[in-house]
Amino acid sequence: MRLHGEVSFDEDEEEVVMVPAALSSPLNGGAVAVTRLVVGYALTKKKVKSFLQPKLLLLARKKGISLVAIDDTRPLAEQGPFDIILHKITSKEWQQVLEDYHDEHPEVTVLDPPNAINHLNNRQSMLAEVSDLNLSSFYGEVCTPRQLVIMKDPSSIPTAVAMAGLTLPLVAKPLVVDGTSKSHELSLAYDEASLSMLDPPLVLQEFVNHGGILFKVYIIGETIQVVRRFSLPDVNTYDLLNNVGVYRFPRVSCAAASADHADLDPHIAELPPRPLLEKLGKELRGRLGLRLFNVDMIRELGTKDRYYIIDINYFPGFGKMPGYEHIFTDFLLNIAQSKYKKCLTGG
Ligand SMILES: Nc1ncnc2c1ncn2[C@@H]1O[C@H](COP(=O)(O)OP(=O)(O)OP(=O)(O)O)[C@@H](O)[C@H]1O
Ligand SMILES: O=P(O)(O)O[C@H]1[C@H](OP(=O)(O)O)[C@@H](OP(=O)(O)O)[C@@H](O)[C@@H](O)[C@@H]1OP(=O)(O)O
Ligand SMILES: [Mg+2]
Ligand SMILES: [Mg+2]
């Protein structure tokens, strides 16, 4: 933990600095050791716009957190010093820079480790940790839709699907998630023959009817928050018998509005039980080795507690989460406090 160690009196301080409890140390005459937490960020322009909203910047400033843009054209070692680095840049070069920097500066918290994030950049590995989760059946069942990975040769898809015994309709998703809009282009395939029109590499996932509502579960460290979003509508037998072909969707989730204040059937709107979400968040945090992500969850239509996880995203659109500025700044301060405590106890 880097303590910048300036000594000042509250009333003389130009900026209002709320010194985190574990970091403040009263000195003679009521002065406090002013501590600044320096958080470097390497984010795309789009992410900076959606995440670094004025309300977050203002609160961070009040709490003594400096958010500093990392210049990726300059060596990282020449910038900072940083206490924490936030990042969502998928290039191999950046990941190497970050790993080298972390080897040199293990005291800096990197949120999160690039190799752990990489797990979420592939729609097969992202769900692997979920498929053997064993959440207590008391709270409900959490699983993933059956899916098949197709690497190449579209003409082989109908046979591969039949052999795997997947049930139509199927959602086709690009295998790799690399931040491009192309990696969010989905298709819904109604019949086997049309599957050969798809463009591998992709995953084919069974479509699960869920009443058109999706639960976005945001995880920021130990805090979990869930919101409702409109999702794809259910597909019934009539639709299945009367539709052929592949329906393409540019980016479903981006267009999906919040359904938190919509007048919905209570069976469909009911949020997943809190204990289930707590357990899920804790398990996934540990298994994925990540602290900043969200999980897209749906409840199978007609069931009370059968949930499917269909997507996991690293450093998602936290700016859309109500009250994120408080949760995120507290999260950063907690990291600093635990490091400081460790430092004091020599741990
Ligand atoms: N197996 C499924 N069954 C039912 N609906 C699905 C399924 N998979 C995806 N969907 C619908 O399609 C949407 C987009 O799918 P998904 O979340 O996998 O894509 P994404 O591009 O990774 O989204 P995001 O922008 O959240 O990263 C979901 O939010 C949901 O509405
Ligand atoms: O667009 P937003 O900022 O809100 O965030 C979206 C984010 O885009 P960004 O990282 O470019 O911001 C996406 O990341 P990539 O896969 O494209 O890298 C993905 O994580 C979505 O799930 C996020 O939406 P949410 O799930 O929170 O609704
Ligand atoms: Mg999604
Ligand atoms: Mg996604």
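Positions of Cβ are set from backbone N, Cα and C atoms, glycine also.
Note on H184 (1D-myo-inositol 1,3,4-trisphosphate binding site): other Cβ atoms within 10 Å of its Cβ, all shown chains, come to 17. Per TrEMBL, 1D-myo-inositol 1,3,4-trisphosphate binding site is recorded for K47, K88, H184, K216, N313, G317.
The feature ATP binding site is assigned by TrEMBL to R123, K173, 205-216, S231. When Cβ atoms from all protein chains are considered, those within 10 Å of I213 (ATP binding site) total 20, not counting its own.
The Mg(2+) 1 binding site feature in TrEMBL is assigned to D296, D311. Under the DSSP three-state reduction, D311 (Mg(2+) 1 binding site) is assigned to strand.
Residues or ranges marked as Mg(2+) 2 binding site in TrEMBL: D311, N313.
The domain 'Inositol-tetrakisphosphate 1-kinase N-terminal' annotation in TrEMBL covers 38-117. Mapped onto DSSP classes, the domain 'Inositol-tetrakisphosphate 1-kinase N-terminal' (38-117) shows 36 helix, 17 strand, 27 coil.
The domain 'Inositol 1,3,4-trisphosphate 5/6-kinase ATP-grasp' annotation in TrEMBL covers 139-333. A mean pLDDT of 94 is what the model gives for the domain 'Inositol 1,3,4-trisphosphate 5/6-kinase ATP-grasp' (139-333).
Take the Cα of R123 (ATP binding site) and measure to each of the binding-site residues K88, K216, D311, G317: the nearest one is D311. Geometry remark: G211 (ATP binding site) versus D296 (Mg(2+) 1 binding site), CA distance 14 Å. For ligand 1, the nearby binding-site residues are H184, F207; that is, of H184, F207, N209, G211, these have a C-beta under 6 Å from one of its atoms. With a cut-off of under 6 Å between the Cβ and any atom of ligand 3, the binding-site residues K47, K88, H184, G211 reduce to an empty set. According to its DSSP assignment, D296 (Mg(2+) 1 binding site) is in a strand.
All protein chains considered, the CB of F207 (ATP binding site) has 19 other CB atoms within 10 Å.
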